[in-house]
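Data first, discussion second: the structure below is written as structure tokens.
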Amino acid sequence: MAMAALLIRRGVDVNLKDEHGTAPLHLSIHEGRPELAKLLIEAGADVQAANNAGNTPVQVAAFAGLPEVIKLLVEAGAPVNVHDQVGDTPLHDAALQGRVEAAQVLLAAGARVNAANNAGHTPLDLARQHGHASMAEVLEAAGGQRGGDVL
């Protein structure tokens with residue numbers, strides 16, 4: 001963390017991406033380092049930057065189950081209803097992994113509970129397909145429906 005702070009003070013580009021389109025903010029979240037993510041956000045990291053698969057930092061945080069990081073990102077202006085290349089939203093990512101707290105934060109921030117991905121699946125579909133009963137309950141309580149039931 002001290003090295004990252006030093007590099008930032010020396011003017012390193014916090015939005016520089018690798019060949020996969022992964023920025024330092026994506027990586028810090030993927031590695032479960034919320035303190036580093038906060039430092040990068042404060043240094044001007046693009047909270048809306050998508051990698052080559054279309055994943056934004058919010059999607060990475062949802063997949064990893066980091067509700068506090070999701071809150072930081074949303075406070076910094078990150079949208080919660082973005083879609084990656086397969087049409088998944090951050091709520092789909094949280095549902096897929098059974099990340100209930102992350103889903104609750106996303107829902108509170110305005111995530112669309114019935115957004116369908118490219119295959120027509122809603123977050124509730126993914127929660128059920130992967131056996132995440134608690135997640136399914138949270139989504140149903142928020143008005144979640146199965147893909148074929150969404151009007």
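Using the three backbone atoms N, Cα and C, a Cβ is placed for every residue, glycine included.
Noted in TrEMBL for the protein shown:
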REPEAT    20-52  repeat 'ANK'
REPEAT    53-85  repeat 'ANK'
REPEAT    86-118  repeat 'ANK'
Next on the checklist: Give me the DSSP three-state residue breakdown of the repeat 'ANK' (86-118), ordered helix, strand, coil.
Outcome noted: 17 helix, 0 strand, 16 coil
Checklist entry - Of the residues in the repeat 'ANK' (20-52), how many are helix, strand and coil by DSSP? => result 16 helix, 0 strand, 17 coil
Checklist outcome for this item: For the repeat 'ANK' (53-85), the distant same-chain contacts (Cβ-Cβ under 8 Å, at least six residues beyond its ends) come to 20-21, 23, 25-26, 29-30, 32, 34, 37-38, 41, 45, 47, 91, 93-94, 96-97, 99, 101-106, 109-112, 115, 117
Checklist outcome for this item: Secondary structure of the repeat 'ANK' (53-85) by DSSP, residue by residue, totals 17 helix, 0 strand, 16 coil
